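Asks: The structure's right below; bear with me while I get my questions together.
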Amino acid sequence: MGSGWSSEEERQPLLGPGLGPAPGTAWRSREAAAAAAAALPAAAGSPGRVYGRRWLVLLLFSLLGFAQGLVWNTWGPIQNSARQAYGFSSWDIALLVLWGPIGFLPCFAFMWLLDKRGLRITVLLTSFLMVLGTGLRCIPISDLMLKRRLIHGGQLLNGLAGPTVMNAAPFLSTTWFSADERATATAIASMLSYLGGACAFLVGPLVVPAPNGTSPLLASENSRAHIKDRIETVLYAEFGVVCLLFSATLAYFPTRPPLPPSVAAASQRLSYRRSFCRLLSNLRFLMIALAYAIPLGVFAGWSGVLDLILTPVHVSQIDAGWIGFWSIVGGCVVGIAMARFADFIRGMLKLILLLLFSGATLSSTWFTLTCLNSITHLPLTTVTLYASCILLGVFLNSSIPIFFELFVETVYPVPEGITCGVVTFLSNMFMGVLLFFLTFYHTVYGRTTSLPVGSPSTLGMIFG
């Protein structure tokens with residue numbers, strides 16, 4: 001990324017005489033770079049090399065994203081239990097989720113670090129912040145006020161890890177993977193963070209019992225001490241997982257392979273300052289960025305407090321957890337499949353996104369009309385809630401890797417980390433606005449929140 005990739009002498013044998021961009025210029029697109037690589041004479045050798053260790057690097061990064069998503073979504077699925085164990089208020093529950101988008105405020109500092117120092121330093125810093133955050137939540141203390149503050153501090157530190165695990169996936173795929181594997185690698189690295197959030201919907205309600213009134217468990221099992229003990233079991237387990245991943249990345253996580261996998265990976269990129277100028281002056285990029293940020297940001301915040309939202313329609317903590325789990329898991333599976341399909345068929349990214357967001361619009365409308373059954377008289381059943389929420393998650397979450405590829409192609413040669421950092425920053429700002437609004441109006445908004453999720457972005461993609 002940038003001039004730090006390699007020296008000019010190291011690049012010359014790879015690019016070959018007369019085949020690279022002229023001094024002071026850059027490739028117009030990654031496809032152009034790939035075409036130039038295909039035109040290399042046989043004497044020049046292969047345009048790049050891929051290493052088997054790339055899958056280990058991808059696995060470590062993906063697991064780190066998984067853990068960050070798991071920690072971020074710890075409290076939403078068990079909000080009723082957390083209220084009884086620690087005395088959390090509605091504001092506390094929303095704020096615990098809100099620390100995720102707040103952690104994106106220094107996003108541009110992490111983008112600069114990724115651009116200047118590479119993957120290893122950035123990933124090590126990110127994993128260390130996660131160790132500190134999960135460790136703070138595990139400090140044994142009897143003062144509930146201080147305990148709540150430590151939990152909030154831990155969630156903030158984990159939120160500061162978000163910019164790297166959500167932004168660096170395209171940069172990692174370009175650095176380590178060939179052109180025909182890039183979209184798939186981006187999808188795996190970006191989707192695992194969402195899969196971690198999905199597993200929180202499963203782990204929390206299954207391990208932590210719900211208080212009386214939301215689950216038919218015995219009163220003796222629902223005592224405050226018992227619930228608190230089970231929550232702390234979850235916190236200690238998450239701390240152990242994060243420590244293990246930090247040790248693994250410290251032991252082995254190289255910045256880059258010895259040789260780049262393609263000409264596009266080795267080519268010169270724009271500087272940090274010029275990249276922002278290019279992004280802010282590109283109207284097409286800004287339209288696509290809003291088409292991504294508004295629905296995905298709203299849906300991410302909506303999913304983080306799904307139990308809070310569905311409580312007014314008498315959905316139990318466990319049912320809300322299963323709904324959130326399957327909606328995200330379905331999106332991850334379909335997203336990886338879509339990315340693999342996009343690796344072989346180029347030029348159809350916009351059409352794929354239009355189809356996905358059309359389905360999201362229909363699903364969100366179905367969910368909203370079902371929840372407004374007092375007006376629409378549509379049946380409100382477990383089947384309709386499961387089906388509409390899961391379809392909404394599948395259509396929206398599966399669009400994420402396709403969006404990332406479209407962003408990178410649109411503004412190349414802007415570095416991938418900067419491009420995706422800008423759009424995820426916007427997405428988290430919209431998430432923060434929603435969560436702030438839900439703090440005061442969660443009962444009413446829980447019945448109407450899904451309607452605008454799909455339609456604005458569908459229109460943005462049509463007219464973009």
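From the backbone N, Cα and C atoms, a Cβ is placed for every residue, glycine too.
So TrEMBL lists these for the protein:
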REGION    1-25  region 'Disordered'
TRANSMEM  55-72  transmembrane segment
TRANSMEM  93-113  transmembrane segment
TRANSMEM  119-139  transmembrane segment
TRANSMEM  187-208  transmembrane segment
TRANSMEM  234-253  transmembrane segment
TRANSMEM  283-302  transmembrane segment
TRANSMEM  322-339  transmembrane segment
TRANSMEM  351-369  transmembrane segment
TRANSMEM  385-408  transmembrane segment
TRANSMEM  420-441  transmembrane segment
Asks: For the transmembrane segment (119-139) and the transmembrane segment (283-302), does the number of C-beta pairs under 8 Å, pairs 6 or more apart in sequence, reach 3 or more?
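Replies: The answer is no, given that the two segments have fewer than 3 Cβ pairs within the 8 Å cut-off.
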Asks: Taking the transmembrane segment (385-408) as the reference, which of 93-113, 187-208, 283-302, 351-369, 420-441 gives the largest number of Cβ pairs under 8 angstroms?
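Replies: The stretch with the most contacts is 351-369.
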Asks: Near the transmembrane segment (322-339), which same-chain residues lie under 8 Å Cβ to Cβ, leaving out any that are not at least 6 residues past its ends?
Replies: 77, 183-184, 186-188, 190-192, 194-195, 197-199, 201-202, 205, 303, 306-307, 310, 315, 352, 356, 385-386, 389-402, 405
Asks: Looking at the stretches 93-113, 283-302, 420-441, which one shares the most CB pairs under 8 Å with the transmembrane segment (351-369)?
Replies: 283-302
Asks: If we skip the immediate neighbours and take only residues 6+ beyond the ends of the transmembrane segment (420-441), which ones have a Cβ under 8 Å from one of its Cβ atoms?
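Replies: Sequence-remote neighbours of the transmembrane segment (420-441) are 90-91, 94-95, 97-98, 100-102, 104, 107-108, 110-111, 114, 162-163, 166-171, 276, 279, 289-290, 292-294, 296-298, 300-302, 304-305, 308-309, 403-404, 407-408, 449.
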